[in-house]
Amino acid sequence: MNRILAVTIIGFISGMVGTGIGGAIVFFLKNPGKKFMGILLGFTGGIMLAVVCFDLMPHAFEIGGMLIGFAGILFGVAAVFLADIIMPEVPEIRSVSAGLDSTLIKSGILLGIGIALHNFPEGLAIGSGFAAGNSMGLSIAIVMGLHDMPEGIAMAVPLRIGGYTRLKIVFYTIVAGIPTGIGALIGALLGDISPIFVSLCLGFAGGAMLYITCGELIPKTQTLYRGRIPTIGMLVGILVGLYVTMIL
């Protein structure tokens, strides 16, 4: 098999299977009460805060420097801020039935966009790793796939609580992993990728997910269940996210 094609397929598998497995958590959510939903959404927000603050942003600063990393973050925040304004005009959001929570659905979709943006530089890393050697590329692909699982969970939870069907959610989480394969193809073709470009991509994805988490997910926990329980869920999510980013 052509080497470039093989690397691309591995990239697609790494991203799509990783987020897809994370999204499959929805099959275990039957009819959760508001208290449990508040805890789960807080836990999800905590995981995303940890991934952004302890993984994406530090990598962006390390690869391209503080200035480039901050520029990417600001662009990411600005882009999602504009998308947040435009999103209610999207037909699928505008036509949400009374049985679905449109704010949570919007949060899940925006988070999915942020995760997809984050998966692209992950794919670049996989492709560049294979350019340096098969063992390195395969190791990076496995790590990235495991790393994508909590992100799939973070995307799936608000969509499920918002009322989306399980199969639809799993489909969307798998789609969010597609940019990993595209990035792997480009990384394999080009070999060494500009650190500035990678830093901007990571910063952009980090800024996008930070806005969604702080502006959408965390505030929603208190509307679902007012009290300390969602906050405890968020703190547990931060600790779990920190642990995952450290071991991977």
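Here the Cβ of each residue, glycine as well, is placed from N, Cα and C on the backbone.
Keep in mind that TrEMBL annotations are predicted by a computer and have not been checked by a curator.
Taken from TrEMBL as is:
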TRANSMEM  6-29  transmembrane segment
TRANSMEM  36-57  transmembrane segment
TRANSMEM  63-86  transmembrane segment
TRANSMEM  124-146  transmembrane segment
TRANSMEM  167-190  transmembrane segment
TRANSMEM  196-217  transmembrane segment
TRANSMEM  229-247  transmembrane segment
Range from 6-29, 36-57, 229-247 with most C-beta pairs under 8 A to the transmembrane segment (196-217): 36-57
Touch test for the transmembrane segment (229-247) and the transmembrane segment (63-86), at least 3 Cβ pairs under 8 Å: no
Intrachain residues whose Cβ lies under 8 Å of the transmembrane segment (6-29), provided they are six or more past its termini: 40, 115, 119, 122-123, 126-127, 130, 137-138, 141-142, 144-157, 159-161, 166, 169-170, 172-185, 187-188
